[in-house]
Amino acid sequence: MKHIRNFSIIAHIDHGKSTLSDRLIQICGGLTEREMAAQVLDSMDLERERGITIKAQSVTLDYHAKDGETYQLNFIDTPGHVDFSYEVSRSLAACEGALLVVDAGQGVEAQTLANCYTAMEMDLEVVPVLNKIDLPAADPDRVSQEIEDIVGIDATDAVRCSAKTGVGVPDVLERLVRDIPPPEGDPEGPLQALIIDSWFDNYLGVVSLVRIKNGTMRKGEKIKVMSTGQIYNADRLGIFTPKREDTDVLNCGEVGWLVCAIKDILGAPVGDTLTLARHPAEKALPGFKKVKPQVYAGLFPISSDDYEAFRDALGKLSLNDASLFYEPESSTALGFGFRCGFLGLLHMEIIQERLEREYDLELITTAPTVVYEVQTTDGETVYVDSPGKLPPLNNIEELREPIAECHMLLPQEYLGNVITLCIEKRGVQTNMVYHGNQVALTYDIPMAEVVLDFFDRLKSTSRGYASLDYNFKRFTASDMVRVDVLINSERVDALALITHRDNSQYRGRELVEKMKDLIPRQQFDIAIQAAIGNHIIARSTVKQLRKNVLAKCYGGDVSRKKKLLQKQKDGKKRMKQVGNVELPQEAFLAILHVGKDSK
């Protein structure tokens, strides 16, 4: 056991985690030169296209160190985006140490800080690594000073390397073996294995990634899931070298995969403990804290025949992504679908894309909303995650919206722009600290504003230099109203949105104007209105298509023309009473862009 090292690689987006993993795999000979590809651990097509890591991946490598010993390295490559921070904390729970990778040109960013604090809270050994020293802009001395000032860990002897060219990577491995402690645990004790992650394989059923904390796991043994008491047979187990390799035994301290013919998706939830059926452990390992979704949106299949397939797909996906929440929902405009909870907008986009790609579904998304806390006049407190569930205005005593605490790190020259943006987003400054040329800003900003487009606009006002990390802080009373959209005097539930009263006129008007361009013209006038309660705040009309009924009249009496026009008018009136309006998919997407273009 003293030759095992478990560690994660944590870093801000684009600081070179996945490239460093590639180098480690190459040096330790995990894959042959022919099998090597760039970002070999980003196995999903989506990850490669966007150049980001979404799922944490684990690899077991053998490293022949300079002291003549052979060490087994189990490492987990983690995502850098704030939306996937849950993946990071799960990966860290399986490790004794972490490599904190910092870009030697850009320096410390908000996500570096957040992930590093997560690692420190779990008492992990953090080894700082300065990456990209081959860049002309690299300034390792300034950055190591920054790590000490902002993060507060000793970085005087931080390893300097370039994952792209391979310079200094062997030093990273040596430092790992030296500084990160071996796993603790009792190889002779009863088996306790933590499920770090699981996914669904069409041939094998549920595949789980486990970290053996105590005892050993052998092929063919009866395994018991502690939370449900179910007993399964360990059919196959093994390690990733990134390829899946079978082994007969997983020893104490190792990280490996396990297949035990679980067909039920909820059979072995992530964060659960596995033990032996004949000699069970007394208590389960502490799992992971449940994450609360921050953003909710309705997802509906375009054709109602896909509902069953959509439900199965969500089940399989939620096995692989424990932070996804979903419950059935029906809408008069869109039929049956699911209300899903996500950690952020990027998470939502990724899930929608994965559903459409991996499971061949066509989906409509409604506008994302956050959770509001509502105090009703009866003294009850209810939590509302969609505009449709909001009680009528006269039943609401107080409406509270979630406030996010946002930590931003940015160069001084962009400070003015960023503060202006925060004020526009109704933010309140709580802290500001200067570290050399960097400024650390803390603002309390309503979650609804953060999830909408705050991140994109923060990046554009600071030319990409500012970085953001946010977490939920509290609920605060606020003057929020629901804006309904009426089409021909009928409310369309899927188009409603909750917004602040100050912005409601403007939002309503903008939404109505956008819808006007998107709804195809019919044989009769279509009135599009935005309303708060019974009060109409904006209206526009999609003009009817009409035939020129006077074309056949050459001269003649005016009463003849009047008669024809009146006849047409009556016909249109009748049509309007029975006609219904088909809304195109773009109309639902219009709400997503309300408030983005003009500011």
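Glycine is no exception: its Cβ is also placed from the backbone N, Cα and C atoms.
Quick look at what Swiss-Prot lists:
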type	residues	note
BINDING	Asp14, His15, Gly16, Lys17, Ser18, Thr19, Asn131, Lys132, Ile133, Asp134	GTP binding site
DOMAIN	2-184	domain 'tr-type G'
Inset, instruction - Just jot down the residues in the same chain as Gly16 (GTP binding site), at least 6 apart in sequence, with C-beta under 8 A of its C-beta; none if empty. - result: Val101, Asp103, Asn131, Lys132, Ala163, Lys164
Inset, instruction - Around the Cβ of Ser18 (GTP binding site), how many other Cβ atoms lie within 10 Å? Please give the count over every shown protein chain. - result: 24
Inset, instruction - Using a 10 Å cut-off, grab the number of neighbouring Cβ atoms around the Cβ of Ile133 (GTP binding site), all chains included. - result: 20
